[in-house]
Amino acid sequence: MMEKTVVLIKPDGLQRGLVGEIMHRFERKGLKLVGIKMIRLTDQILDDWYSHHKDKAFFKDLKSFMEWTPVVAMLWQGLDAISAVRKVVGITKAREAEAGSIRGDFGMSGSQNIIHASDSMESAEKELGLIFNGDEIFDYNSSMDLLIYSKDEVVS
Ligand code: CMP
């Protein structure tokens, strides 16, 4: 299924100069960039974003970490993009993430883990709504689609 998924380059990724490297990986994979902005996350956004973590001991630290600097928010589109992007990102605890994934190649921490990616259709929709306005999401044809997907996949 054609899906959109939200990726955030977290404050540690931004400060470490990994923005270009991370974008390059998604572009090379064949995902289509349909939205991008820099945004400073607020308590209000994060309370909603991480509502499932609100009772966890790390919740307060997680929020201050995410508010440390702006983040780079991106919307990537592709067939089954949610799971494809999560494979490129790697598991939460970066020191155990597979080599070749973004966290596996660039991180050691389970909290300062460089990047966020939506984990389901529901969270992708919720996160998209928290960050992007309708006019910041772009629908366009790319001739790359014909190289990346077979004809039957492009119409699915
Ligand atoms: P992510 O999976 O993108 O979204 C939830 C975030 O909470 C996770 O990345 C980490 O940044 C953070 N997190 C998850 N587990 C822990 C933990 N045990 N201690 C501190 N931070 C955590």
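Yeah, the Cβs are placed from backbone N, Cα and C, and that goes for glycine too.
All TrEMBL annotations are machine predictions without curation.
Features reported for this protein in TrEMBL:
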ACT_SITE  H116  active site, pros-phosphohistidine intermediate
BINDING   K10, F58, R86, T92, R103, N113  ATP binding site
DOMAIN    2-139  domain 'Nucleoside diphosphate kinase-like'
- Task: Looking only at C-alpha atoms, tell me how far K10 (ATP binding site) is from the residue listed as 'active site, pros-phosphohistidine intermediate', rounded to the nearest Å.
- Result: 7
- Query: Could you state the CA-to-CA distance between T92 (ATP binding site) and the residue listed as 'active site, pros-phosphohistidine intermediate' to the nearest Å?
  - Reply: 9
- Task: Please state how far apart, in Å and to a whole number, the two most distant Cα atoms are among K10, F58, R86, T92, R103, N113, the recorded ATP-binding residues.
- Result: 22
- Query: Just the number: how many Å between the Cα atoms of R86 (ATP binding site) and H116 (active site, pros-phosphohistidine intermediate)?
  - Reply: 9
- Task: Report, in whole Å, the straight Cα-to-Cα distance of F58 (ATP binding site) from H116 (active site, pros-phosphohistidine intermediate).
- Result: 16
- Over the domain 'Nucleoside diphosphate kinase-like' (2-139), what is the model's mean pLDDT? 98
- Task: For T92 (ATP binding site), list the number of other Cβ atoms lying within 10 Å of its Cβ atom.
- Result: 14
- Kindly point out which of the recorded positions K10, F58, T92, R103, N113, H116 have a C-beta less than 6 Å from some atom of ligand 1. F58, T92, N113, H116
- Inside 10 Å of the Cβ of R86 (ATP binding site), count up the other Cβ atoms and send me the figure. 17
